[in-house]
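K.L.:
Take this structure first; my questions come after.
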Amino acid sequence: MPSTFSGDETAPFFGFLGAAAALVFSCMGAAYGTAKSGVGVASMGVMRPELVMKSIVPVVMAGVLGIYGLIIAVIISTGINPKTKSYYLFDGYAHLSSGLACGLAGLSAGMAIGIVGDAGVRANAQQPKLFVGMILILIFAEALALYGLIVGIILSSRAGQSRAE
C-alpha cells in the first residue's frame, strides 16, 4: 500500500524522540535535585525542626525543572501533525535538538540544585546567615534550566520553516 506521507518517513521518530528527551532528562534532573536536597532537609530537620519549612525551597525549585520539560514536550508533540502529511527531517531534527537542549539543561540544573540544596540547608541549620547565599546560588542554578527552556522554544519554533509556503 503506497504511503500518502510526503515528508521523510523517519522524521516523526526524531520529533517524538525530542519530546521524550525533554521530559525524561528534565524529570531526571528534578528527581535528583528533589532527592538530594530532600535528604539534606531531613537530616537538618532532626537538629532544627523549626527550619524545615524554610528549607523546603531547594526541593520546590528542583520540582519546577520537570515542568520545563513538560512544556517543551507538549510544544514539540503539537508540532508533529500527521494530518499535514509534510513533516521533514529538518523539522524532526529541530524538535530533537529542542528536546535535548531543554532536557539536558534541566538535568544539569537539577544536579546543581540538589548538591547546593543539600549542603545549603545543612549549613543554614548551623549558620542562618547563609540562607540568602544559598538562595542566590539556587537561583543561578535554576537559570541554567531556564536557558535550556528558552533555547528549546526557539529551536522548536524553527520546525516547519523548511516548507515552502
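A Cβ is built for glycine as well, from the same backbone N, Cα and C atoms used for every other residue.
On a predicted model such as this, the values are computed, not experimentally measured, just so you know.
So Swiss-Prot has the following annotated:
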| type | residues | note |
| --- | --- | --- |
| SITE | GLU142 | site 'Essential for proton translocation' |
| TOPO_DOM | 1-10 | topological domain 'Lumenal' |
| TOPO_DOM | 34-55 | topological domain 'Cytoplasmic' |
| TOPO_DOM | 77-95 | topological domain 'Lumenal' |
| TOPO_DOM | 118-129 | topological domain 'Cytoplasmic' |
| TOPO_DOM | 156-165 | topological domain 'Lumenal' |
| TRANSMEM | 11-33 | transmembrane segment |
| TRANSMEM | 56-76 | transmembrane segment |
| TRANSMEM | 96-117 | transmembrane segment |
| TRANSMEM | 130-155 | transmembrane segment |
K.L.:
Any residues 6+ beyond the ends of the topological domain 'Cytoplasmic' (34-55) with a Cβ under 8 Å from its own?
P.N.:
62-63, 113-122, 124-125, 131
K.L.:
Take the topological domain 'Cytoplasmic' (34-55) and count its residues per DSSP category (helix H/G/I, strand E/B, coil), listing them in that order.
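P.N.:
Helix, strand, coil within the topological domain 'Cytoplasmic' (34-55): 19 helix, 0 strand, 3 coil.
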K.L.:
Counting only residues 6+ away from its ends, which parts of the chain sit with a Cβ under 8 Å from the topological domain 'Cytoplasmic' (118-129)?
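P.N.:
For the topological domain 'Cytoplasmic' (118-129), the nonlocal Cβ contacts are 36-37, 39-41, 43-44, 47-48, 51, 54-55, 58, 137-138.
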K.L.:
Specify the count of other C-beta atoms within 10 Å of the C-beta of GLU142 (site 'Essential for proton translocation').
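P.N.:
Result for GLU142 (site 'Essential for proton translocation'): 20 other Cβ atoms within 10 Å.
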K.L.:
Residues sitting near the transmembrane segment (11-33): Cβ under 8 Å, six or more positions beyond its termini, same chain?
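P.N.:
For the transmembrane segment (11-33), the nonlocal Cβ contacts are 58-59, 61-66, 68-70, 72-73, 76-77, 79-80, 82, 87-89, 91-93, 95-100, 102-104, 106-114, 117, 145, 152, 159.
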